[in-house]
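Straight from Swiss-Prot, the features:
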type	residues	note
BINDING	H161, C196, C200, M207	Cu cation A1 binding site
BINDING	C196, E198, C200, H204	Cu cation A2 binding site
BINDING	E198	Mg(2+) binding site
MOD_RES	Y218	phosphotyrosine
TOPO_DOM	1-14	topological domain 'Mitochondrial intermembrane'
TOPO_DOM	46-59	topological domain 'Mitochondrial matrix'
TOPO_DOM	88-227	topological domain 'Mitochondrial intermembrane'
TRANSMEM	15-45	transmembrane segment
TRANSMEM	60-87	transmembrane segment
Amino acid sequence: MAYPFQLGLQDATSPIMEELTNFHDHTLMIVFLISSLVLYIISLMLTTKLTHTSTMDAQEVETIWTILPAAILILIALPSLRILYMMDEINNPVLTVKTMGHQWYWSYEYTDYEDLCFDSYMIPTNDLKPGELRLLEVDNRVVLPMELPIRMLISSEDVLHSWTVPSLGLKTDAIPGRLNQATLSSNRPGLYYGQCSEICGSNHSFMPIVLEMVPLKYFENWSTSMI
């Protein structure tokens, strides 16, 4: 869940987001070490009078500053590629949900059910109940079972949109005429909020996404009541 003046990432609630958080920390540590080394060298150059104007060739130094950056890039690339492959894997999803972006709302269709589909609009500020979040609540939440692989098929009816839920590590473009897919799985129940992350017009800021992750038994009861 996000909170005001937050500087870090949202709490991870999916295996993919946990991997992304670890990769972020891993890369940030490398960047911090490189920045510290560069600042240290710059400070030495500014505070010492020693110079090497007569040095014309230094094979050892050139070898080091060629091999070292290559090794650093490999340390960053390997875990990044691993996560990319993990994000593309979809292993026997138990449920498929088709998501369509519109100006300016989302529509959802549970393709495994005969007639389970609805539109999801933002609740206006004047209609919010105590404790609800401004610009993030919707009239119809996307109810999904937790701890199970779910496939999202994402597209758009009009312009470019982007279906994003930060705490699940999801951000997939909704492109007219093209069907993108993403897989999600939540480790625990709860409400997870997102928003359209592609500028799509005057009401771009009013396209929230709310996922309600529940145990499988509650999801089955909900789906039965909706059909």
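Heads up, residue numbers simply count up from 1 along the chain you see.
Glycine too: its Cβ is placed from the backbone N, Cα and C atoms.
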Minimum Cα separation from H161 (Cu cation A1 binding site), reported as the residue among recorded positions E198, H204, Y218 that achieves it:
E198
Cβ contacts under 8 Å made by the topological domain 'Mitochondrial intermembrane' (1-14) with residues that lie 6+ beyond its boundaries:
20-21, 24, 166-169, 184-188, 190, 192-193, 213
Helix, strand, coil: count each for the residues of the topological domain 'Mitochondrial intermembrane' (1-14), based on DSSP.
0 helix, 0 strand, 14 coil
Rounded distance in angstrom between the Cα atoms of E198 (Cu cation A2 binding site) and M207 (Cu cation A1 binding site):
10
Please list the DSSP helix, strand and coil residue counts for the topological domain 'Mitochondrial intermembrane' (88-227).
21 helix, 61 strand, 58 coil
Rounded Cα-Cα span from Y218 (phosphotyrosine) to C200 (Cu cation A1 binding site), Å:
35
Around the Cu cation A2 site (C196, E198, C200, H204), what further same-chain residues have their C-beta within 8 angstroms of the site's C-beta centre?
G101, W104, V159, L160, H161, S162, S197, I199, G201, M207
